[in-house]
Amino acid sequence: MEFENLTKEEMEQLQKIYDDTISFERKIGIIIPTIFAVIILVGLVGNALVVIVAFGRQMRNSTNTLIIGLAISDLMFLLLCVPFTAVDYAAPTWIFPEWTCSMINFFQHTSAYCSVWTLTLMALDRYLAVVYPVESMTLRTPRNTVIALCFIYIIIIASQIPVGRMHGIYVYDFIMEKRSTCAILTIATAEATPTMARTYFMTFNVFGYVLPLGISVVLYGLMLRKLWDMPRPGNSQSVGGRNLTNRDSGSSIRRRPEATAAKRKVTRLVLCVLITWALCWLPLNVCFFMSGLAYPEPLVISHGVIMVIVQIASQVLAYTNSCLNPILYALMSQSFREGFIRVMKMLINKLSRGRFCTNYRRSALRTELTHYNQTPAHPANTVVQVSNGERSSLLKDNSSSATSVQPLRTSIQAKKTKNIGRSKSTRSYNL
């Protein structure tokens with residue numbers, strides 16, 4: 001950027017704008033990565049617990065298979081997208097290789113599409129379970145669910161390859177310095193026609209939000225009408241021309257309200273997951289839609305700094321959705337809640353047991369060294385016996401000799417070598 005023709009007042013104004021922008025970016029560069037770090041931590045732990053619990057033998061059904069697929073999509077998003085975006089907020093330039101720009105945006109779009117279409121499959125699964133409970137039993141199996149997920153994921157992956165290839169590192173002038181970021185090059189340089197740009201933005205709006213959400217809303221509407229017509233416990237039913245309550249009817253009728261109540265609980269959980277997703281992704285989709293309408297003029301130019309804050313907040317809200325589903329499962333599903341507690345107890349027991357064993361080995365080693373130091377250099381009738389490094393004892397043996405100290409030295413040296421090797425192997429994983 002040329003500054004020779006600027007007056008002193010213009011240079012002062014430009015310097016003030018630059019200083020204010022840098023100050024704002026520094027604050028954002030601390031706040032947003034911190035929020036993303038919390039999202040990553042909560043999301044990784046929560047979704048990993050969901051996968052572990054849902055893989056249990058007693059939890060194997062079509063709905064939980066879809067929940068596993070949704071958790072895997074969130075894990076992919078948390079591992080391959082959020083960390084790079086956090087660094088991008090903290091650094092003024094793109095510090096990663098160029099291929100990472102394409103990879104991140106490919107996985108970001110893929111995981112977003114996989115999540116929403118998995119939610120649509122969950123709505124279809126609930127619809128079949130409620131409206132056609134008997135007819136759909138052979139169709140709603142974990143195996144068929146995995147086949148449906150793979151079919152949809154293959155289509156999504158194939159369709160998002162061009163989106164990944166469209167992205168690259170865009171270098172631009174920013175007041176007094178050069179910067180770079182990851183963006184769609186044809187849109188960032190305004191080389192794309194308005195039709196091309198709007199096609200990109202609105203394709204995501206339609207196939208990544210409006211269409212799957214619309215299908216899910218229709219399915220839930222039909223499902224809720226069916227659930228509303230189902231009898232509740234204690235209501236009278238007509239059987240054989242006379243009215244019977246659920247208590248004095250046959251066993252199959254008695255069991256029907258309990259099964260209906262269970263279906264209502266599962267349907268309520270899946271519906272809450274869908275509503276949460278829709279609310280979290282709505283602001284970002286609105287920003288996408290407005291960006292398509294405003295192209296080639298950026299929204300920041302037409303709406304000012306307030307639009308920057310809105311775009312950042314909408315992105316943070318969309319990313320937050322990746323860690324909310326496990327919280328909903330824990331709050332609304334007793335089976336998941338009990339599974340989470342069971343897995344956490346198991347992990348805590350293993351960690352505490354491992355810490356106890358480590359402390360026990362250290363104590364045993366100190367005891368051996370103490371006995372060794374207190375033992376005469378040439379004992380006449382004492383043998384130090386060590387059993388696997390776990391305990392030591394002094395046993396009297398008239399047939400022992402001074403050479404019995406050598407195995408102890410060998411054992412201590414072996415322990416030191418083992419600990420050093422363990423330390424090196426552990427350090428090698430700290431990349």
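Each Cβ is built from the backbone N, Cα and C atoms, and glycine gets one as well.
Under the topological domain names given by Swiss-Prot, Ser23 lies on the same membrane side as Tyr295. Between Cys101 and the candidates Cys81, Cys150, Cys182, Cys272, Swiss-Prot records the disulphide pairing with Cys182. Tertiary neighbourhood of the topological domain 'Extracellular' (290-298): same-chain residues 187, 190, 192, 194, 197-198, 200-202, 205, selected by CB-CB distance under 8 Å and a gap of 6+ residues from either end. The highest tally of CB pairs under 8 A with the transmembrane segment (269-289), across 67-87, 102-124, 144-164, is held by 102-124. Here the transmembrane segment (144-164) has long-range neighbours at 62, 65-66, 69, 102-103, 105-106, 109-110, 113-114, 117-118, 121, 125, 200, meaning same-chain residues at least 6 beyond its ends whose C-beta is under 8 angstroms from one of its own.
Sequence-remote contacts of a segment are chain residues at least 6 beyond its ends whose Cβ falls under 8 Å from one of its Cβ atoms, and for the topological domain 'Extracellular' (165-203) they are 1, 14, 17-18, 21, 88, 92-94, 98, 101-102, 104-106, 288-289, 291-293, 295-296.
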